[in-house]
Structure formats: structure tokens, C-alpha cells
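Student: This is the structure, below, for whatever I ask next.
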Amino acid sequence: PLNPLELPGMSWDQAFHTASTFVTNTNQQHYMGENLSYFSQLFGVLLAMFMSAGTGLSLAVGFTRGILNEEDENLGNFYENLTRGSVRFLLPIALILGIFLVSQGVPQTLGGQVTTETINSGEQSIRIGPVAGVESIKILGTNGGGYFAANSAHPFENPTMLSNLILNLFLLAAPISVIYAFGVWIGKRWHAGVLIGAFFILFAGLLVLGVSGEIQPNPGVDVATENGTVIQPYGNMEGKEVRFGPVLSALWGVSTTSTTNGAVNSMQNSFTARGALPLFLGMSMNCLFNGIGVGLLNLMTFLFIGVFIGGLMIGRAPQYLGKSVEWTEIKIAALIILLLPTLVLIPTSISVALDYGEGSINNPGFRGFAEILYEMFSASANNGSGFEGLADNTLFFNLTNGIQIILGRYLPIVGQIAIAGSLAKKKVRPETEGTLNVESVAFLVLFIGVMVVIGALIFLPSLSVGPLGEFLQGGL
């Protein structure tokens, strides 16, 4: 049904990967979006995008109740939270965003395709469909899976500079809004401001690194011709849409890897080594802002480690919002943090050592290794974007990435809800002069330090054989 072009189905391993990636809010795609029927787009992809985003919101509410409750293990009703989050938050905003996209020229129809005449006087058939509806929740719900293979670089998904700006803002606003809502729920808006401020400081550093790499000429294009050396006055335009350019492409790239969105508006494998490095660093901190709802849970995992370290530094029992942070919470948080490098590095090593990935690499040297490393990062951190150039629609990558996606999504959630349940049973202690001030500049610096040292530096050896090694070799 709803397959006017009679498109064929997927292989079993590709179907497993596709199902895994959409129900977990990852949206990593080993297929071209144009190859899905309307039925699959509407009742498979679109429904999963709403449900996975609503799940994140429901978990954030439950986790907050765990912090606020005093000797009460009731974290609320998951399905009630899911319904409220979907109906009162996701649906209305997605509808408004979808109407805006239609006004910019994004199609919303069940027509099969249009045939148009090209500038070379030939004919081209272009797929259309319910693009605006998919695009709106794709961005709002930190999903990222594109209706077209080119994702948000396609003019039918992201046609104008204005649409690019609004989509980029929504891409970041969704996870940030949940963190702010958390501050309102607990009665400490300044604390939420400190957490968001810490993330933006890290984000700004990644953005400067990314933009500085992309406004430079691409050394791979800097070649001599009969008429002289190729001039690149606008920076690295390889793989970029001319309506966006290198700066907006770098901004989007850093934004999409600092969240679990994964949508792209350029070919990220065409970034220079310096421009690509912040994409890896963003995901190494588990996508920094992370996803809608689950970003709060990810933040709290690092926060409890920071509170524990801060308590040891001042010689006080670690305490957060009046509740003691004990061995149980720290042990679970540490295991969650160790999960990402485990899921990323072991499959990467297997892929390289046993040559499973060699046949899929289309670029040699540092860049080829970076393609495999990025693929494993994207799956394990539930990001979903691609460092294309890697032929990933193989049995090995479909199964490996599918398993990484499931484990990377649900194992942390189990641990984080366990932490919430543990905190819910505790009494709230009054704050004293020795209590760590979570609204101070000192706490902001401590939190940034924990994110960088624990989150990013653990991947330094692998990055040095990838984009960092390419940069140090002189690849810009």
C-alpha cells in the first residue's frame, strides 16, 4: 500500500539496521531515502520519530521526579508522560514547523514524482512526498533521518537560507529546552543556566575549530592547471551547497554532532581534517547536548561524577540538591560513561584487524580509518550522521551498527533510571556552607573539566590515527 512507484523491499540485515536505528532515535541510514515507499515513510519512519522523541521526554520527566521525590520511589507513569509529551509538545510544534517549511517550498504531498527538464535539455524524475511532515519531526525530535539521500542538503528538504537558519535553531533548541525545563521543575533556573552555559562554551570551542578548518582552501583541490593554480576564495567548497557555503555547513555539522540529531546539510567527509575533528569530539562527549529528553539523563551522568570529584576536593560527602551521591550512583554513572568507548573502539578494532571494513573504505590512510571510526561513533552515540565514503550497506556494518545502536540507547537508560530510583528513596538534607554550589562559576569550570577529560580525552589515541593524525600530517 502507498507504494505508487512499486519500490522493492530491503534485505533482512538492512531491515534490522533500519528498524533498530529509527526506534532508538538514531536514524543512521544505510539506504537511500528515496527507496522507501510512502507507507514505510509514514507508518515506519514518521511514527518511530515521534515515539522515540516522546520516549526521551518521558524519561526526562521520570528522572526529574527521582530527584525531587523524598522517600518515594514512584517515578510516574511512562505512558502518561509519553502521551503528554507527544500531544502537547511534539505534535503542535512539529505542525507549525512543517507549515513554515511548506511556505519555503518543501513538498507535502502523496504524489509519486515530478518530471522536469534539466539545463542540458534532458529530463529528470524527482521524488516528492510528505517531506515537510517528516522534516519537521526529524529536526525537532533530534532524529536526523532524511527523506532524501542528500538529507538537509537537498533543496526539497532545506531549500533556503531562512529554512537552514530555522532548522539549525530547532536542532539545538529541542534538547536545550528540556534542560531549562529541568531547572524550572527543581526551582533552580540558574543551575540550568550554568549547565547550558557549560555546553555552549564547549560548543563554541568546537565551532571555532570547525569553521576555521572550512574557511581555509582545501589542500586536495589546490592544484596547478594550464591557467595557473586553482583559487579558492570562499574556503573549502567541496561537498558544500553553494546556498550555504563553508561557514553555515560547519555550523550545522558541529550542531548535528553536538546533539543526537545527525542530519547533514553538506558532505561531511569532504571537510578538512581540522573541520572534521570537532565532529568527532562532539560525539566523543556523547553528543554534548545529546537528544531530546535523554540529553538531560546524559548530562546528569557526567554531573554526578563532577559532584563526586567536587565533594572529594572540599572534603565533604558528595551531595546534589540535598541528596547524597553515594557509591551506588557513582558506580552506575562510571559504567555508563565507559559504555561509549567500549561500543566504539572494540568494533572499530575488529573491523580494521579482520579486514571487515577494508573493502568498504573508499579513501586511504587516515581518512579511511576515520570513516570507520565515525561510523562506529555515529551508531554508538545514537547520532546517526555519516562520514560518507564508507560503503556501509554490508552484512557486517548492518548487524554491528544495529547492535551498537540498541545497546548505546537502552543500556544507559536502564542505568540512569536506576540512579533516579536510588535518589528517589533518599531524604533531602539541608544545604550547609560546605555544600557544593551548583550555581557557581566554580561548578561550571568543574563540569566542563569532567566533560573534556572523561568524555573527550579517552578517545585521543583513536583520533590520532584519524582526523587528528591527518591534521598533524599537514592535511589542514
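Every residue, even glycine, has its Cβ placed from backbone N, Cα and C.
Caution: TrEMBL annotation is automatic and unverified by curators.
Pulled the feature table from TrEMBL, pasting it below:
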TRANSMEM  42-68  transmembrane segment
TRANSMEM  89-106  transmembrane segment
TRANSMEM  165-186  transmembrane segment
TRANSMEM  193-212  transmembrane segment
TRANSMEM  288-312  transmembrane segment
TRANSMEM  332-354  transmembrane segment
TRANSMEM  403-424  transmembrane segment
TRANSMEM  436-460  transmembrane segment
Student: For the transmembrane segment (288-312), could you work out the same-chain residues 6 or more beyond its ends whose Cβ comes under 8 Å from its Cβ atoms?
Tutor: 25, 53, 55-60, 63-64, 85, 140-142, 172, 174-176, 178-179, 182, 195, 199, 202-203, 206, 258-261, 282, 318-320, 325, 329-330, 333-334, 336-337, 382, 412-413, 415-416, 419, 436, 438, 443, 446-447, 449-451, 454-455
Student: For the transmembrane segment (436-460) and the transmembrane segment (165-186), check the count of CB pairs under 8 Å (sequence separation 6 or more) and say whether it reaches 3 or more.
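Tutor: Result for the transmembrane segment (436-460) with the transmembrane segment (165-186) is no.
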Student: Which residues of the chain, 6 or more past the ends of the transmembrane segment (193-212), have a CB below 8 A from one of its CBs?
Tutor: 176, 179-180, 183, 246-247, 250-251, 253-254, 258, 271, 274-275, 277-279, 281-282, 285, 288-289, 299, 303, 438-440, 443-444, 447-448, 451-452
Student: Which residues, given as numbers and ranges, are at least 6 beyond the ends of the transmembrane segment (332-354) yet have a Cβ under 8 Å from it?
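Tutor: Result: 284, 286, 301-302, 304-305, 369, 372-373, 376-377, 379-381, 396, 400, 404, 407-408, 411-412, 415-416, 418-419, 454-455, 458-459, 462.
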Student: Mind checking which residues of the chain, 6+ beyond the ends of the transmembrane segment (89-106), have their Cβ under 8 Å from one of its Cβ atoms?
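Tutor: Apart from its flanks, the transmembrane segment (89-106) reaches 50, 53-54, 57, 131-133, 135-137, 139-141, 155-160, 162-163, 166, 170.
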